[in-house]
Amino acid sequence: MKLVAVTSCPTGIAHTYMAAEALEQAAVAAGHEIQVETQGAAGAEALDPAVIAEADAVIFAADVDVRDKDRFAGKPLVSGPVKRGINHAAEMVDEAVAKAQAAPASDTAAAVPAAPAGPKLGPGAKLRLWLMTGVSYMLPFVAAGGILIALAFVIGGAEIATKVNGGAFEGVTYEAITDPTQILNQTGIAGLMFYIGGLAFSMLVPILAGFIAFGMADRMGIAPGVVGGLIAVAVGAGFLGGLAAGLLAGAIVMALKLIKANQAFQGIMRIVVIPLVSVFVVGFIMLVVVGKPIAEAQSWLTDWLAGLSGVNAVLLGLLLGAMMGFDLGGPVNKVAYLFGVGALASGDYTVMAAVMAAGMVPPLGLALATVVRGKLFTQAERQSGKAAWLLGASFITEGAIPFAAADPLRVIPSTVIGGAVAGAVSMAFGASLRAPHGGIWVIGLIGNPGGFIVALLAGTAATCLCAIALKTAWRSEAASAADEAAMPVI
Amino acid sequence: MSDLITADLIDLDLTGADRHEATAKLAALLAAAGRVTDVDGFLADVRAREEQMPTGIEGGIGIPHARSTHVTAPSLAFGRAAAGIDFGSEDGPADLVFLIAAPEGGGSEHMTILASLARKLVHADFKTALREAPDAEAVAALIKQNLPG
């Protein structure tokens with residue numbers, strides 16, 4: 001059996017190497033091959049990615065965080081303190097072998113890195129790795145929540161959202177469901193699915209933020225990251241706010257870990273001080289520094305849009321569409337959406353159609369791009385591309401977040417352009433819509449559905465082409481290598 | 001580069017009420033040889049490391065160590081303590097104590113030597129030889145011949 005191991009300890013001059021030696025002895029004694037990476041003061045000689053790819057199991061004997069542990073994602077793992085590696089090396093080797101035998105063969109095969117991912121990643125690649133870590137943990141929430149919401153619309157019709165949340169739809173006013181345990185009786189299975197899907201969706205940004213911070217600062221990052229993400233949701237900062245919260249939380253915990261506390265203080269540092277300080281600081285910054293300007297910018301944008309009422313319809317569609325595609329459910333998107341809903345209430349149905357077309361385009365365009373040029377996307381992205389079709393068709397713009405959060409600089413311009421095209425074309429055809437949501441499932445409520453479909457196709461093609469062009473023209477080799485290594489197989 | 005260890009850095013009759021006292025005695029040897037400039041400062045660094053996680057290893061070994069600005073050259077002081085000194089290992093006190101002193105920001109060449117020393121410590125035959133060595137000269141020779149360079 002082939003094993004790889006990483007050893008590390010606080011000072012990096014003694015235990016790191018003792019554990020490496022002990023593990024090597026134990027593995028060889030038991031008839032296995034092993035290669036050990038000593039992350040110590042003598043400088044870590046990184047394991048060859050090919051060796052990692054071939055390994056049947058991984059052992060971490062480490063008292064400090066293993067660097068670049070994403071390289072080992074998907075492998076059977078035995079991990080313990082560095083002393084266990086010294087004192088009970090044989091036991092760790094046996095455990096690793098047992099785990100490797102229990103693991104399905106595909107697990108190890110899937111984690112093969114596409115290219116040599118050097119552990120010395122540049123800052124850009126490192127940032128991307130952190131973002132990808134957050135995205136990979138968020139993906140199941142997107143898939144579960146998005147598909148449940150989409151199915152709720154399919155089964156329950158466009159009014160299902162209003163039935164659950166309350167409000168008026170097509171002239172009928174619904175009471176909001178106040179007691180979730182009654183939801184099945186009152187709204188049927190579709191309402192129940194909508195409710196569960198909505199809850200799963202409400203965790204997108206907190207999980208994204210929490211696990212970006214986890215990628216940066218390990219377990220200590222999760223609490224401030226999740227709390228920062230919750231605040232991003234509360235202040236309507238969307239997934240971009242979540243990215244900021246996650247990076248901020250990770251950076252703060254990383255900084256706090258550097259503080260050398262005196263002896264008496266050291267124990268409570270990890271248990272109390274770091275969580276307390278990091279959560280408070282992240283929360284404070286998110287609320288005061290991030291939250292307020294966003295709220296102000298939103299009200300400014302809303303006023304600005306209202307002042308545009310006389311402007312050319314196609315231009316208005318272009319602007320609203322660009323806004324819809326910009327932050328995919330974030331503050332700018334919300335302003336555009338609410339502008340559409342407001343127009344709906346005042347009897348102008350064309351704005352809502354443009355807004356919905358633009359909101360459907362980002363997931364659809366990216367899903368198309370994963371089919372047209374799969375190589376530009378990670379395996380996980382290609383998988384989530386499949387769900388993105390359904391999410392896009394259901395006007396769940398959030399389906400594009402996994403793509404945008406992992407690679408904002410290339411993806412956001414694509415979704416903005418696609419949204420703008422869709423919004424402008426929809427306005428040009430004068431397509432109209434009498435419902436505030438529902439996607440393709442409310443096609444019966446759409447006036448000039450042919451024009452609406454043309455708008456969708458044009459926007460989808462624009463996003464797809466733009467994403468492919470940007471990802472092809474401006475591609476970081478280190479980042480793309482890191483991608484495959486980083487994504488745990490879901 | 002001076003040798004990692006010499007006979008005057010070895011105390012074959014090391015005693016001490018606890019690990020800190022034993023460590024201090026070994027540190028005094030380093031200071032006397034001019035390898036540590038500020039004993040108290042160095043001991044504080046060692047102690048900070050020891051507080052993070054005791055350095056005792058099963059099989060009767062204690063390895064107090066630190067990278068410290070008060071160290072001038074990578075050095076090893078060695079003590080044999082017949083009575084045993086508790087270094088926090090679960091299986092009991094240590095009778096072989098290695099005080100490793102590394103300069104802060106030491107070159108990787110130095111660190112490589114310390115790393116190979118650490119690797120030797122898990123070999124049973126090396127430990128046995130250290131326990132049976134007749135005098136300080138023999139111990140110093142034994143350690144040197146097991147290190148590269």
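Every residue gets a Cβ built from N, Cα and C, even glycine.
Because the structure is a prediction, the values reported are computed rather than measured.
Range A:411-433 is the one annotated as transmembrane segment, of A:20-42, A:89-111, A:411-433 (source: TrEMBL).
For the transmembrane segment (A:226-256), the list of distant contacts is 127, 130-131, 134, 202, 204-217, 220, 273-274, 277-279, 281-283, 285-287, 290-291, 294-295, 298, 327-334, 398, 401, 404-405, 408: same-chain residues at least six beyond its ends, Cβ to Cβ under 8 Å. When pLDDT values are averaged over the domain 'PTS EIIC type-2' (A:127-474), the model yields 89. Across the range of the domain 'PTS EIIB type-2' (A:1-98), the DSSP-based residue counts are 41 helix, 23 strand, 34 coil. Relative to the transmembrane segment (A:440-470), the listed stretch A:411-433 leads the set A:192-214, A:268-289, A:301-324, A:387-405, A:411-433 in CB pairs under 8 A.
Sequence-distant contacts of the transmembrane segment (A:301-324) (same chain, at least 6 residues past either end, Cβ-Cβ under 8 Å): 332-333, 335-340, 350-351, 354-355, 357-359, 361-362, 397, 416-417, 419-428, 430, 459. Away from its own ends, the transmembrane segment (A:192-214) comes close to residues 130-131, 133-138, 141-142, 144-153, 155-156, 160-161, 164, 177, 180, 183-184, 221-230, 232-233, 238-239, 241-243, 245-247, 249-250, 253, 398, 401, 405 of its chain (Cβ-Cβ under 8 Å, at least six residues beyond either end). Same-chain neighbours of the transmembrane segment (A:387-405): 131, 134-135, 138-139, 142-143, 146-147, 149-150, 153-154, 201, 204, 208, 239, 242-243, 324-325, 328-329, 333, 356, 359-367, 370, 377, 380-381, 411-412, 415, 437-441, 460, 467, counting only residues six or more beyond its ends whose CB sits under 8 Å from a CB of the stretch.
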